[in-house]
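Just below is one structure, and these are the notes that go with it.
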Amino acid sequence: MNNIRTIKGGVNLKGKVKVPGDKSISHRALIIGSIANGETTIEGFLHSEDPLSTADCLRKLGVNIPEIKKNEPFTISGLGLDGLKEPKEILNCGNSGTTMRLLMGLLAGQEDKNFILTGDISLNERPMGRVGKPLSLMGGKIFGREKGNKAPISIDGNKLKGCVIGTPVASAQVKSAILLAGLKASGTTSVIEPASSRDHTERMLKAFGADISVRGELGRNVVIKSGGKLIGQRILIPGDISSASFWMIAASIVPNSEVLIQNVGLNPTRTGILNVMDSMGCNYEILDKSTIAGEPIGSIKVKSSNNLKSFTIEGDILPKLIDEIPILTVAACFCNGVSEIKDAQELRVKETDRLKVMARQLQKFGAEVTEKEDGLIINGQSKFNSAEVDSETDHRVAMSLAIASLLAKGTSKIMRADAASVSYPTFWEDLATLTN
């Protein structure tokens, strides 16, 4: 794969695009299908590094997952809640925090079995205690470096007990790990979040037959009861709105552009970017709405807009657009006035420190971006000059810098551009098609 990409500024985007399957749903379809009874067929799976790491780990746990080919449905033979095997080797999660955190929850209650999880250099420096601590409250035996906060992680499967757990931050990965553990815990497990996070796990568990309910203000309290069994399903995975966001913003800020993004997941816990686009005054409409397997989908048509307004992102909306902050930082550079991103310290422990990296790289174009402890301040109406920028191995940074390059005067280079393949393997081909 080409590690350096050259992007010419001054072109517009025209056409339609179908983004890859949702990464969050792809992980969950594999995991929940593996512990269901019977067969689960998955269509629209994201064929990229992170979900494939999940598939590889599940195979080592004895799950029959065939070779996954691009753009082809496949069928898993589930083992039931008690059928996972003790692996003969270490489970390598690659660069995928979702894989590691969800597997911690899945495996904590697999009694009398031992599991070791590791990842690449980057993943092994990311915080895992936020999952390990609540699982320990349920009786989980989880160990790792730095008092259980860093991988490699060792799990001694143990009998778990249901309890009420309040999470300090709204995190779908933490919540999902607790809910997966709750399937094997005695009694009832309740998760209470400070704000609602993405709810793909709850929707999918319910579709598979789990006894799960969502309560409280804004769905912040999720309750799951053990004792049932999951039944295999047919899962159609919609396009990932986090991947669609690059085209949504590009079409908004690049003059004379019009893009139709087809079959995008519109789960309300993921559509914070639409709220921000409304604040900006973007020109878009949602077409062909429908619901498949409990997940709302539709197509998004976006046209370029003049005189976009600055915006502030803070508080409860953060979990609904946490992965879109890099591309929204690019958008802010071309709005009138000063935009601000607050309460976003979670971005410092993603694949990279995304606040620091986005500020550093956009400044190379001439952007006025100031880094704060919990966010960024962006002075809009920037005039971008061409630059040599670096993804610093972060997929969302790579794609955000590509869109920024379209607004630069001259030709820019993006180093380590192949990082995009982590979540969007065909990004560069789709960019070429839309700008041709």
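Each residue, glycine too, has its Cβ placed from N, Cα and C.
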Site-mate of Lys23, Ser24, Arg28, Ser171, Gln173, Asp323 for 3-phosphoshikimate in Swiss-Prot, selected among Lys141, Lys147, Lys301, Lys350: Lys350
Inter-residue C-alpha distance, Asp323 (active site, proton acceptor) and Lys350 (3-phosphoshikimate binding site) (nearest angstrom): 9
Candidate with the highest Cβ count within 10 Å, taken from the binding-site residues Lys23, Lys350: Lys23
Three-class DSSP secondary structure - Asp323 (active site, proton acceptor): helix
Cβ contacts of Ser24 (3-phosphoshikimate binding site) (under 8 Å, same chain, 6 or more positions away): Thr98, Ala172, Arg198, His200, Asp240
Pairwise Cα distance for Gln173 (3-phosphoshikimate binding site)/Gly97 (phosphoenolpyruvate binding site) [Å, integer]: 8
Spatial neighbour of Ser171 (3-phosphoshikimate binding site) that is closest, considering only the binding-site residues Gly97, Arg126, Arg354, Arg396 and their CA atoms: Gly97
Nonlocal residues around Arg126 (phosphoenolpyruvate binding site), in sequence order (Cβ under 8 Å, 6 or more apart): Gly97, Lys150, Ala151, Val349
